[in-house]
């Protein structure tokens, strides 16, 4: 396919440290066609047959990013499978997470010898008026109270960050526990820590905290959580 009409931009790799790689690239829903899956050697799950162009583009770009990151870690190109719960099924040697927002997909993949879980989430900055409507759904009472000293723009950014980090936490812990949990089941402690407010397993109990990191990217926020072999604290 000529590059001028490709549905995917070239994938960029960021080697954060040994055994940890972020792959990202842009995608174009209006250019995405079913034949792109064959061209990229990405199987299309039956559940996505007939999906809208945007969903097809997100899936294709996310899988291509994941394959590039897996190859960077293992030296072998491989694709994550598609689980019954629609979550990626990663090759045995790695763990990872996929995200997409605002026309850009990313996959963070880690060597399973060093990490047990990975969470990654990208979100656009939420507009102030929408953040005001969403905060009751996304934030705990304590998190809402902590917004009181911020102006509307700062509040919106905090709501956006909280949303993204909690999504990343779910992606990191759901594969480890098999338990779904919701926005009120975790809370940001500060700018770098998030704590569970519910018990998911004997290991992942109320009060367990994990570090998170984030950066501004593509007019929004990209956040990630790494679960080391030692687990939480």
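A Cβ is built for glycine as well, from the same backbone N, Cα and C atoms used for every other residue.
The CoA binding site annotation in TrEMBL covers 55, 63, 99, 100, 121, 167, 171. Around residue 63 (CoA binding site), the same-chain residues six or more apart in sequence whose CB sits under 8 Å from its CB are 40, 42, 79, 80, 98, listed in sequence order.
In the three-state DSSP scheme, residue 122 (Mg(2+) binding site) falls into the strand class. The Mg(2+) binding site annotation in TrEMBL covers 121, 122, 123.
Per-residue pLDDT, averaged across the domain '4'-phosphopantetheinyl transferase N-terminal' (48-110), gives 97. Residues or ranges marked as domain '4'-phosphopantetheinyl transferase N-terminal' by TrEMBL: 48-110.
What TrEMBL records for 117-200 is domain '4'-phosphopantetheinyl transferase'. In terms of DSSP secondary structure, the domain '4'-phosphopantetheinyl transferase' (117-200) contains 45 helix, 15 strand, 24 coil.
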Residue 99 (CoA binding site): tally of other CB atoms within 10 A of its CB: 25
Additional residues around Mg(2+), ordered along the sequence, whose Cβ is within 8 Å of the centroid of 121, 122, 123: 99, 101, 120, 163, 164, 167, 168, 220, 221, 222, 223
Secondary-structure category, per DSSP, in which residue 55 (CoA binding site) falls: helix
Under 8 Å by Cβ from residue 121 (CoA binding site), same chain, sequence gap 6 or more: 97, 99, 164, 165, 167, 168, 171, 222, 223, 224
